[in-house]
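Colleague: I grabbed these lines from TrEMBL:
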- A:32-261: domain 'ABC transmembrane type-2' (DOMAIN)
- A:42-62: transmembrane segment (TRANSMEM)
- A:124-144: transmembrane segment (TRANSMEM)
- A:150-171: transmembrane segment (TRANSMEM)
- A:183-201: transmembrane segment (TRANSMEM)
- A:234-255: transmembrane segment (TRANSMEM)
Ligand SMILES: Nc1ncnc2c1ncn2[C@@H]1O[C@H](COP(=O)(O)OP(=O)(O)O)[C@@H](O)[C@H]1O
Ligand SMILES: [Mg+2]
């Protein structure tokens, strides 16, 4: 061991990417869990798309009539992107913040709280891209994809992932105990059920429509559905802006709050 | 080697949590290449001090310069040149032993190539070569501590901060750790360590400060502290429980200073033999009597009126 005062290798400052490397290192041992994440939306597609699809047939109003499985598939993908990202930055992150205290040692290095936060969000995005790409591949193998525009669901899922990973990061800074995860479920489940995942917006009375239009998942589904079906509308710009803004605001606030708790 | 900025220079360093003052305006100067100790009982403010110096916890008041840089503005640049061994092991439980070293080095922006070579060397240094591929959950306490120290060396730091490096370890594991720390010192690394073990401070530290309730109550080399704050020798007496109080009362006035501990009576004196003779002359019959040289433990007792490890 020689430890010199002039290290031959000049250390550079820690960057967000190293958090992704850490997660990849762990996933080398535990990669099958990602299969479960791809499997879940497929299961919903099978149960609802085929099951309910057999009853309702087509959903009127969008680009002519859309077969029900093609109506739910992009929504399930948006939901999977949301859940994957949220799980990563709420459930997994809460464990790292409390029981594992993972960040304590990381923050003794040149890594900043911001780098750690950006890194964890990036990792959630990487995972989300993997899941949404795999999902897209499977549904196109089932013959549900009819337009090359469907490839745009991947960047759409990425944006949804960003919004919800950042929101999750903010939410996790407010959690007091594991019990609080039930409160998250209390918000997430209704959002999943009502944000036009299974029914188009026009089945609801107007006051409820307004409420649904405020949900971030609604905008996410609008994006993936438009890409999947190859439709466009002016609303897509609103959806992109809404998701990007919400994600950026949440991330900024989350970093600020984490800074206070992790550097006490 | 004395060139270059002072490794650690703190003036009026203060840390408060809410309204509570954990570190109360301390001054510290740690010189290049020395092993500097912070000695204190639980709650004295040692960890709070170490965390500020490690630039992981912001300074409430006072100035703190590390390697010539201001901790408030240059935290990341300072941390790049420090090795930190926190009080509680914070090894990454989801990774193997070697992966812990590799990824920690990545946080410093080191290349994989450099890290492969360094991690092999550090595994050897920590005597963990056989455990390289194991989950960290299978390590013993001593092994975890050595891994934490190895990890702290991955960036070849100029200063290593060790917060109670051997607390909770068995004697054999402690000796192995001390030997490794001696090697680091020989290599020219500046060491700052906290401890509540006297023998550890005497073994490892060139200079030290004694902390109590957030303040520094004494500082110097171990020999200076002993010379300044306590007598040359100590007569330790133990009594049967039923006659303890009577015997203690009889001993009063026989030594410069007397300290009553739960199981022992300490008489501070410059000549232990003479005092023992005087004790016997008063008809005091201790169960055991021991004459020894004063240690840092006695310095601590004298300064704070409490023993270090309760
Ligand atoms: N994060 C914290 N928040 C509030 N109080 C703290 C915190 N950390 C330490 N303290 C308090 O500060 C005092 C000094 O603690 P510490 O620096 O850990 O001492 P030591 O390491 O010498 O045992 C203790 O009374 C402790 O309870
Ligand atoms: Mg402590």
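Cβ coordinates come from backbone N, Cα and C, glycine included.
Just so it is clear, the model here is predicted, and its values are computed rather than measured.
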Colleague: Using a Cβ-Cβ cut-off of under 8 Å, list the residues of the same chain that are 6+ residues beyond the ends of the transmembrane segment (A:183-201) and lie near it.
Modeller: 48, 52, 59, 61-62, 71-72, 75-76, 79, 82-83, 86, 90, 171, 208-209, 212-213, 215, 217-218, 220-222, 225
Colleague: Hey, which bits of the same chain come close to the transmembrane segment (A:234-255), Cβ under 8 Å, at least six residues off its ends?
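Modeller: Apart from its flanks, the transmembrane segment (A:234-255) reaches 113-114, 117-118, 121, 159-160, 162-167, 169-170, 172-173, 216, 219-220, 222-223, 226.
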Colleague: Which residues of the chain, 6 or more past the ends of the transmembrane segment (A:124-144), have a CB below 8 A from one of its CBs?
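Modeller: Tertiary neighbours of the transmembrane segment (A:124-144) are 20, 34, 37-38, 41-42, 45, 69-70, 73, 76-77, 80-81, 84-85, 88-89, 150-151, 153-154, 157-158, 160-162, 165, 168.
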